[in-house]
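Undergrad: Handing you this structure, nothing more for now.
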Amino acid sequence: MGDDSEWIKLPTDQKCEHKVWKARLSGYEEALKLFQRIKDEKSPEWGKYLGLIKKFVTDSNVVAQLKGLEAALVFIENAHVAGKTAGEVVSGVVTKVFNQPKARAKELGTDICLMYMEIEKAEVVQDELLKGLDNKNPKIVVTCIETLRKALSEYGSKIVTLKPVVKVLSKQFESREKAVRDEVKLLAVEIYKWIRDALRPPLQNINSVQLKELEEEWMKLPSTPPKQTRFLRSQLDLKAKFEQHQAQGEQSDETVAAVDPYELLEAVEILSKIPKDFYDKIEAKKWQERREALEAVEALTKNLKLENGDYGDLVRALKKVVGKDANVMLVSAAAKCLAALASGLRKKFGTYAGQVVPTILEKFKEKKPQVVQALQEAIDAIFLTTTLQNLSEDILGVMDNKNPSIKQQVSLFLARSFRHCTQATLPKSVLKPLCAALIKQVNDSAPEVRDAAFEALGTALKVVGEKAVNPFLSDVDKLKLDKIKESADKVELLGGKKGAGGGGEKKAAAKAPPPAEAPSKSSAPPKKTQAGAASKIEVCEERAASVLPASCGQQLDSANWKERLASMEEFQRAVETMDKVEMPCQALVRMLAKKPGWKETNFQVMQMKLHIVALIAQRGQFSKMSASVVLDGLVDKIGDVKCGGNAKEGLTAISEACSLPWTAEQVVSMAFAQKNPKNQAETLNWLANAMKEFGFAGINVKGFINNVKTALGATNPAVRTAAIALLGVMFLYMGARLRMFFEDEKPALLAQIDAEIEKMQGQSPPAPIKFTKKSAAEEEGDEGEEQEEDGGRGGGGAQDIIDLIDKITADLVSKSGDKNWKIRKEGLDEIAAIISEAKFITANIGDLPLALKARLSDSNKILVQQTLTILQQLSTAMGPGLKQHVKAMGFPVITVLGDSKANVRAAAMTTLQAWVEQTGMKDWLEGEDLSEELKKENPFLRQEVLGWLAEKLPTLRTVPGDLMMCVPQLYSCLEDRNGDVRKKAQDALPTFMMHLGYDKMDKAAGKLKTASKDQVLGMLEKARALMPAKPAAPAKAGGGRGSAAASSQQVVLVMKCVYTSSRRGPSFSGAAGKKPAAKNQKDDEDKSGPIFILIPNAKEQRIKEEKQLKILKWNFTTPRDEYLEQLKTQISTCFAKWLQDELFHIDFQRHVKAIGVMIERLESESEATISCLDLILKWFTLRFFDTNTTVLMKVLEYLKLMFAMLNREDYHLTEYEANSFIPYLILKVGESKDVVRKDVRAILAMLCKVYPASKVFPFLMDGTKSKNSKQRAECLEELGCLIEGYGINVCQPTPAKSLKEIAVHIGDRDTSVRNAALNTVVAVYNVCGEQVYKLIGNLSEKDMSMLEERIKRSAKKTTTAAPAKPSATERSQREHPTNPNSTFLRKPAQEDPNKLNQARQNAQHSEPSHPSIPKEFQLDLDMIEMDQSRVCELPDLVQHELDELLEPIMIPEPKMRSVSPHFDDLHNSTASTVNFVISQVASGDISNSIQALAQIDELLRQEDKAEVMSGHIDQFLIATFMQLRLIYSTHMADERLDKKDIINLYSCIIGNMVSLFSMESLAREASMGVLKDLLHGVMILMLDKRVEDIEDGLQVIRSVNMLVTRVLEKSDQTNMISALLVLLQDSLLTTAPPMFSELVMKCLWRMIRFLPETIDNINLDRILLDVHNFMKIYPKEKLKQLKSDVPHRTLKTLLHTLCKLMGAKILDHLSMIENRNESELEAHLRRAVKHSGNVSGLKSDRGNEKSSLMYTNSVSLSLGSEDQMTKAKVSDILSEIFKKIGSKENTKEGLTELYEYKQKYSDAELEPFLKSTSLFFQSYVEQGLRIIESETRIQTSAGKTRSHHPLFGHKADFSLSSNNEELKPAVYYERLKILRQKQGLANNSKPQQRPPMSSLLSSKPPVASSTDMLHSKLSQLKESRELYQQEHNTHSYAPTQAHTRSASPAGNLDDLKKRLERIRSKPQ
């Protein structure tokens, strides 16, 4: 039971990891229940178990493992984060579950694998299962194969990648284990179901018996293809579709994609296996040797898939044999080798096709069947590796050959080739010359040639249709035409494909829809017979009857029109109420077309019928097949007066469903196939209006331009008018190039066209208002898409295209290749003229590609550029026909991108873009040409190509798989030595990943070296966050901005930015128009509430979590996914839901909208905005990484308003907020757009009001290290403005270090950076004069001369500007304090909001070359006298009686000084004044700091005004310890500073601290963190040996000792103990001096001694939390390992004391500790409480307490003295001293010794010795000590000449004694004496050595005496600071004017009085 009690109360996650199996079993059961309860898949609860799931499945206990598997399965099914565990969990399942004997375990393991596949981790699961096949345990292998089989059976071959599975089948068939062989046999059968015969080739090498068994099993399989029965989470639509078909008992229309066996094979490398003597033998004279060589190659080429490589030599050798060898056997063998090579290499053989085909065609002259057959096989295989366009030139070249065998075989080859073509791959430009050549052969004398030609033409007719071929057959007589059609009827296309033209059908092609688009996607084969058509109609009637009322179908063909009308009304109502998914559109429209169909005579019935068509198209899933049923009828009624409107409505609805481009082409061709002019005119009118409504994108101009020309020539004027109006609309989109199509029209008609165009000039196309819905109709083949893309370019008709083959002569080609560059240029000029004259040309341009390719590598760069210009002309003239020249001329253009000259590269890029516009990207990405280009280590080439790819790839929906070849080169570029190449590669990386996927690129990275791999993987992770979304569908709607090209460019830009404009949204989504409107309305209703939710302490919690590293720190170069997800999570709790959706929407316009709302609510929700400020700023940093200027400008607008609001609210940014925002804001200061930089500068200016300028400074310094020169320059300008506005102390960490870094930029190569750096250094010069040269360090001679010149010019500008505004600088400096920390925690109330801008304006009014540094509290009387313009603005001056200053000196009554007038007059707000003065405490200027401390001392000494400091204590203490750090790190190391000044500063600081900590109410305001830093500062001071070496340094250390005691007593005890614990922990963790830790522990012992009195006021929960954290880092064992055991004893004593005081209740104060098991605290407390009742324990505690007290009292806190003594020794000494005082003879001596002892040990306790004496004796001792102190003080001050040491100097400066007695007049006499010495009225004598500080004996003697002494000295300092400042300034800056500064005090006062009288007397 003890075991149970240990784990039964543990939380679930800890149970799951427990070492006891029962605990784990219990944990798994609880986890299972928990997982089943959690409904939210994104619940944070899932994250706790993320790392435990693998342990669930790999548990060593079988019983626990079963339960763990069940829990893991539920976790994977429901948790959003489950995918992250896929790899490790599946690996665990394979190794630890699949080998289990229990079937249930294996079943659960298999289910887990399948569930991972369901949540999109199929690839990971498959990889792990395939790894399991290599396991030695056959059980694991069998189960892995079984799991693969189940996955394939359920998910299908689209999800399970079959290639790696097929690859391992052969190995498993050879297994020794029968179970493995049987299971792999079942897997092979399952694979065969999906890929059929494609599986045969990979399994040809297995055992013949096994193969026979497989064949038998395969024969048993049904012929119907299998269906996917289980779906991924992303396939929910497919799942719903499948379930619907299952419910209806239908077969789904999903077909299994055919698998190419070639893809399943492994490529074999044969080049290295070719015999070394092959090339010698193939040239041998003996045919036997040549045969041996060919046989060796033939054996190698029998491999079905060959590895890519350089086969050029081999192909040339085989070609030579085919072409020249006399032995026909060898010719046949060589041809077979070529065929095998082409089959094995496929597309990779395409580069060699052009070399081989002419030879094979010529060799067809051979008549031997075996040779001809081998040649046919070779050329057929080669054809599949290239295109007919590429071979057309070679084919046409031999068509005129005299040999009939060649002509016959070429025609037969064309016939076979045509079968592989489609309408898209057999364009008119290719077909026309081939048909012309074949028609010649139709008339050939040889019958075999004629028959072959008939077959070729018949095949072409079958493939592309009569419409395309008939124009070329116009000259063929009817008899031969019939033979051609007869041949067409006999042709059967490959794969059972249906041809475009029926052989025997007479139906006009114009009325038939394009065959590629007509059939809807269905698994059923097309029906060709009449019976099939009839059955299809019956099926449609049945489907329609199931959704329509019974009466409707019966009355459709009624003879009574009223019944037909009633039937239509019922039909309409049924359609209106029908669900979109359930609506059988095709069945319904076929019912409408049923007799009488479109020949309905009653117009009312017809109107309703047409309206129903529109309804079906709008509401249903309307396909192109459905449209083809109704279009003919709609076009027939479009010209009808009564029904025309309804017909147009139907056409528009069909355009929305099936796209306007397709509908327009069908409708126009149908209209002009009729003779009705009314229909033609109305069709054109409808089309013109539709273009305005839908836009022009995707319109195929070629599809109907000929019909428009026909309309222009029509006799009916209405048709002509409609055609001209249509051209006017088209002009809006196409621009001037539209007119090129009509150059040949009659002048009168051209004049009409020009008049219409003139009307449209200057107009812009309207924005589209209708869009194509996404429907099943869009899922047609790529064929139609390519046609639409080509059509959008508006090419000319066939009659406009010119064949240049005759004009590109051999002479012209040779001329362009001449040795003389001038002749070459003439040749290029002629070529350019020919192309320019032709306008539109065919792709047949002869040898021109070779000539132009040679010129692209010309040594004369002018000719290279001219060639590029010609290629641009070619792209415009040839259009899409360029595709066949991409390899020949396109890739050489890419090579030119590597040219060293920028203008040549620019021209090459322009040419490349022009080509891509015509050809598309597919041809450029196919093959390895692009990867070969990237292999070239040319930085220019690489960066240009990568930049081009980064621009183009995001616009593509699909890319060829060959893009993967470029990935290794891309990775190489990521590590290129050239920075630009690396940057371009990083930009391109996300676009590659967009198409290839992260996993593939990750795998490719696995092949890299380790060092490169790590770097690349890191970049892949970053790119993953930036990966753009793949465009879902081409943008086919939306108007352009003047041309079709502009329209397409806009769509490309939208895709490139991966954003979809809200205006164009419907074109990318299938949402209906009304539903989004309703949704938006609902959203608007929800937006009325607050946008930010105010959650108390939420921001503090986020700061705490970031400090504890629970969340990611907001620090990145580019934002990654994890940062985005983290911000979403944080925002979810305090932002309105709708605002979250807007902020993280992919549409940038939604961002703009959200920011607009935030601006509107900024004032009304200011408090909530501040509470969420950190999150708002983080979101804005993400927007800084966007490229959209609209969003950026809106962001900057909001930031300006927000910082203004923060300024008004007196809010100041925290370090956490600033670090998360400012670095990213500074990135935008280098933006190229001026308007952005202007706004960023304004924000930086406002930022300095809510965040200290001194802290902004380092961020700007980091910004100067940027590579962006604009950013460097702007940051330097901002630094200069900060220095002008806030003084030199704004430079952090030190002015010297900062200025050295700034001065480096004087030598920058960028002019703007140099100027900015010079201006900044000049600004420093204006502030601190010649000292700037020391601060900037050594500069080069050139840089120094530039700086000196700039300083001289600046000085000249200053002197010329001075008379105009003599006090501008002083005024600005007075209005804007020069303190860098002026906004440290509070800011001055009257601060100019445009401080930096004003500083820029005032830069020209700089100070003279040696200015004095103005002080905030310094009165500049010269300025006041001279400034006439500001007299009226002066506040009322405080009136003083100056006459009394000249009266004889009277000893004043001791009283406290009043606060300086500055507190009342300088600023309006007390809080802002205190804020500013506190900020001066941390000043780098010692005198500034002393003055500020003096001001604060005045406040603290007046009880009625000391409360002003309330709320500012933390600020003051922070400023103080910052000053202590500054002294320690800077001032003490500066040999130029007078050490007395440092002692003065120390004294002032200590005095202020003592005053502050004398007031308990103020002292308790100090927070824990501040106290910790303060103690750290003063302890470092106590340990500083440099202080001891200074005169009076030991006194400082003793005073600090006394200060620490006061701080310990008066501070909040909870905060103090926490601070000491944290400080002790830090000192032990770091390399702090041992003495430091000892000091901290002494303070802790003292705090322990206070515990009995303070225990009721202490927050024990916080104390115990700090102890817990301490013990977590330093457990007991680790503490004991320390050199000293004192830390252990200290902590133990603290806990024992707390236990003794609180008893068992101490255990109730552990509430703040989240996990008590992390430390030994609870156990320690329990032991202590348990033994607290034990007597021996009590004794021990007392002993510990006693020893602690002894330890505390035995030593002084000060370590500056080495005379530390034990308590016993102290007792002996004091006993001796009191004996002397008690004896009459030695009384004086005893008192003197007691005084000196007290001086040496200021904290010694005298009360124990005085308690037993009488009151008279105590009074006697006290009086005696006071007398000795007074005498010592007078003696000390008599020999002093001057002193600014308020703590140790003039002891007569006490205003009050400890007993509030008046001091003697001698005190004031001494003070007057010192003042006279300062003014030169007394002889200066060398100061005497100061005696040690004394103190009076009182209840707390050291505190009382030291406090009064400090107060007195600070008062003295404030009285004399003006005189001191005058003396200092005179000495430092103006020695020549020393006599004017005053010879006597009276003279000074007279001068002061006169000045003030002059000021008063000025006219008001």
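Each Cβ is built from the backbone N, Cα and C atoms, and glycine gets one as well.
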Undergrad: May I ask you to indicate which of 26-45, 386-405, 1066-1085, 1846-1865 is given in TrEMBL as region 'Disordered'?
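TA: Based on what TrEMBL states, region 'Disordered' spans 1066-1085.
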Undergrad: Select from 201-242, 1923-1964 the stretch of residues annotated by TrEMBL as region 'Disordered'.
TA: 1923-1964
Undergrad: Same chain only, please: residues at least 6 beyond the ends of the repeat 'HEAT' (966-1003) with a C-beta under 8 Å from a C-beta of the stretch. Say none if there are none.
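TA: Contacts of the repeat 'HEAT' (966-1003) (Cβ under 8 Å, skipping residues fewer than 6 from its ends): 123, 930-931, 934-935, 939, 942-943, 946-947, 949-950, 953-954, 956, 958-959, 1012, 1015-1017, 1019-1020, 1023-1024, 1026-1030.
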Undergrad: Give me the stretch from 534-766, 794-1029, 1122-1360 with the greatest number of Cβ pairs under 8 Å to the domain 'TOG' (263-500).
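TA: The stretch with the most close Cβ contacts to the domain 'TOG' (263-500) is 794-1029.
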Undergrad: Over the repeat 'HEAT' (966-1003), what is the model's mean pLDDT?
TA: 88
Undergrad: Mind tallying the repeat 'HEAT' (434-472) by DSSP state, helix then strand then coil?
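TA: For the repeat 'HEAT' (434-472), the helix, strand and coil counts are 34 helix, 0 strand, 5 coil.
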